[in-house]
């Protein structure tokens with residue numbers, strides 16, 4: 001994996017499934033992160049080749065529900081992100097999937113209660129020894145590249161010191177979200193504090209935060225000096241943000257997402273969640289389209305509504 005000058009799809013829970021990753025890649029994303037998957041859940045999965053879809057499925061041994069689905073087409077660009085608070089569990093999960101993905105990433109930035117309460121995500125930011133244990137354990141035992149994604153700490157000095165400790169574990173890159181744990185999405189990303197991290201490290205730094213137009217990729221790179229740029233909400237609202245010629249109409253992007261979800265038999269709950277997020281940004285769920293999505297029970301229902309096959 002080369003982390004220089006790349007446009008990257010950020011990990012997004014219930015959004016970053018195979019159809020959305022392929023959609024982003026079609027529009028120009030160089031690297032695509034899957035949604036965070038908790039180690040406890042993934043170590044209960046078994047790998048299966050899905051001949052009918054042409055996919056590789058990791059399904060829960062008990063329920064047979066697909067927890068992670070990938071395919072050969074994205075093998076060299078998909079990053080599997082793990083939610084973890086334990087080095088051994090993280091390694092066990094990574095070893096199940098490492099031969100089918102381009103890299104393994106550890107989530108150290110999610111501020112949501114379900115993640116932090118389990119000692120995962122942003123909770124790791126205050127535990128540098130545990131961070132070191134997790135990352136060095138993965139590096140020692142995997143040939144697959146290992147990275148992590150963090151948030152800004154209370155001071156720029158604290159963030160730089162943590163980033164330096166992370167670099168010493170031998171990871172291939174570090175992604176930095178330009179917000180602190182207590183910040184909300186509406187708060188501006190602090191690009192200037194990422195600049196300090198970039199200056200302190202020799203490994204690639206991926207910058208994330210407030211990228212909503214294609215032009216923002218170059219603006220944030222120029223402002224921070226980062227190696228690559230990652231986008232979350234901007235891609236969720238219109239995945240063609242990666243398209244150099246400019247974003248396509250969101251109706252077109254939406255239909256292509258539904259088509260890919262249907263082709264790859266995506267989880268209906270995940271598909272509806274993503275569509276609701278798209279619709280809510282541009283329109284209202286109270287209008288006919290939103291109501292149609294909410295009441296759809298199957299992917300076939302959605303495909304019929306949007307006129308795709």
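Count begins at 1; order follows the chain as displayed.
Just so it is clear, glycine is given a Cβ too, placed from its N, Cα and C backbone atoms.
Nobody curates TrEMBL annotations by hand; they come from automatic prediction.
Copied over from TrEMBL:
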- 9-280: domain 'DUS-like FMN-binding' (DOMAIN)
- 11, 12, 13, 81, 149, 177, 232, 233: FMN binding site (BINDING)
- 110: active site, proton donor (ACT_SITE)
- Task: Could you tell me which of these binding-site residues, 149, 177, 233, has the fewest other Cβ atoms within 10 Å of its Cβ?
- Result: 233
- Express in Å, rounded to the nearest integer, the largest CA to CA distance found among the FMN-binding residues 11, 12, 13, 81, 149, 177, 232, 233 named in the record. 17
- Task: Which residue among the binding-site residues 11, 232 has the fewest other Cβ atoms within 10 Å of its Cβ, if you could check?
- Result: 232
- Task: For each of the recorded positions (12, 13, 110), count the other CB atoms lying within 10 A of its CB, then report the residue with the highest count.
- Result: 110
- Query: Hey, of 81, 149, 232, 233, which of those binding-site residues are within 10 Å of the residue listed as 'active site, proton donor', Cα to Cα?
  - Reply: 149
- Task: Could you list the residues of the same chain, at least six apart in sequence, whose Cβ is under 8 A from the Cβ of residue 81 (FMN binding site)?
- Result: 11, 33, 34, 35, 36, 37, 104, 105, 106, 107, 149
